[in-house]
Every structure is written in C-alpha cells, then in structure tokens.
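Participant: Checked Swiss-Prot, it gives:
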SIGNAL    1-22  signal peptide
TOPO_DOM  23-113  topological domain 'Extracellular'
DOMAIN    24-97  domain 'Ig-like'
DISULFID  Cys45-Cys86  disulfide bond
CARBOHYD  Asn51  N-linked glycosylation site
TRANSMEM  114-134  transmembrane segment
TOPO_DOM  135-181  topological domain 'Cytoplasmic'
MOD_RES   Ser144  phosphoserine
MOD_RES   Ser147  phosphoserine
Amino acid sequence: MVQGKGLTGFILAIILLQGSLAQSFEENRKLNVYNQEDGSVLLTCHVKNTNITWFKEGKMIDILTAHKNKWNLGSNTKDPRGVYQCKGSKDKSKTLQVYYRMCQNCIELNAATILGFVFAEIISIFFLAVGVYFIAGQDGVRQSRASDKQTLLPNDQLYQPLKDREDDQYSHLQGNQLRMN
C-alpha cells in the first residue's frame, strides 16, 4: 500500500514538473504573432538590442531600431506565410512559421479527406439500393377501390351505335357512299 502511494506521488510530481517546464518555455519565446482587429498580422520580437534584423525564409528583410520591434506582415487576407526570425546583435529568436488559411469554406484535400468522401458515397449508395430493393420488392397486392368495381358500360352493350344523320360529313363510314338504314 505504501509503494502505491509513493508511485502515485512520483507520477503526480512528474506531471506537474512537465507543466511548469512548458510554461517556462512559453515565457522564453522571443518572437510572437498577434492578429489585430483590423485584420493585420504583427510579429513582435523581444530581444534586448538596439538593432533588430528581421529574416524571412533565411533572407534578411529589414533592420529596425529597438523601440520598433514589431514587423507588420500586412492583411491576413493576403496570406502572409513564411518562416520568420528576428535577430539582435547578441541573441536571436527561434524560427517561427506563420501560415494563414484564408479560404474559410475550403477543404484541404489530402488522402484522408478523399478517402472519407469515397467511403461516405459508397455507404449512401448502399443504403439507397437497400431502400429501393425493399420498396420495389413488395408484392403488388393493394386494396380495391369502389371505382375499380364500377362498370362504365352495361355488359350487353359493348359499343354505342352511331346516330342516323342525313348527309353530314361523319355519317359515312367509307368514301362517298351514303349510309343505308
């Protein structure tokens, strides 16, 4: 029982130390990204030097004075991507990768996304086929209606005779021959 409490205390101490280590690493960052309300993206360098040099993709962009330690990347709609770094005369920051995905309704097509679409399509076609099979496979037995039982013509009279007409256009069956009564 005593060993179990000691092991639990040891695991708890390790977890707490990892949290404090992560917090101390976060506090030591010298390069931060800020997304402004107007849509612009700012990089802030926290090195204590008079001259700050900005780098993008390893190439120098600009040299600023110490009280101008912010670099405006422009509007986030213009897709400010890249690997940025700031460097003072004595120390330099770690690299920071900035990536904005501006298409809010877009889907990034990778293998997992395409596989998901194909799988969903196959499943939906399967359910549709099962539904059609069960609906079409039912026997045609239906309840008879009153209109099905109603006779429209009496049984003894299959055809209605033509009325006698004198010399009208439709009083003749063939050609110009008159109809005899």
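Going from the start of the chain as shown, residues are counted 1 onward.
Cβ from N, Cα, C; glycine included.
These figures come from a predicted structure and were not determined experimentally.
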Participant: Compute the C-alpha separation of the residue listed as 'N-linked glycosylation site' from Cys45 (disulfide bond), stating it in Å without decimals.
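Facilitator: The residue listed as 'N-linked glycosylation site' to Cys45 (disulfide bond), Cα-Cα distance: 11 Å.
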Participant: Would you mind giving the whole-number mean pLDDT across the topological domain 'Cytoplasmic' (135-181)?
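Facilitator: On average, pLDDT over the topological domain 'Cytoplasmic' (135-181) sits at 64.
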Participant: Could you tally the C-beta atoms, other than its own, that fall within 10 angstroms of the C-beta of Cys45 (disulfide bond)?
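Facilitator: Around the Cβ of Cys45 (disulfide bond), 25 other Cβ atoms lie within 10 Å.
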Participant: I'd like to know which of these recorded positions, Asn51, Cys86, is least surrounded, judged by other CB atoms within 10 A.
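Facilitator: Across Asn51, Cys86, these recorded positions, the one with fewest Cβ atoms within 10 Å is Asn51.
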Participant: When the domain 'Ig-like' (24-97) is classified with DSSP, how many of its residues are helical, how many are strand and how many are coil?
Facilitator: 7 helix, 39 strand, 28 coil
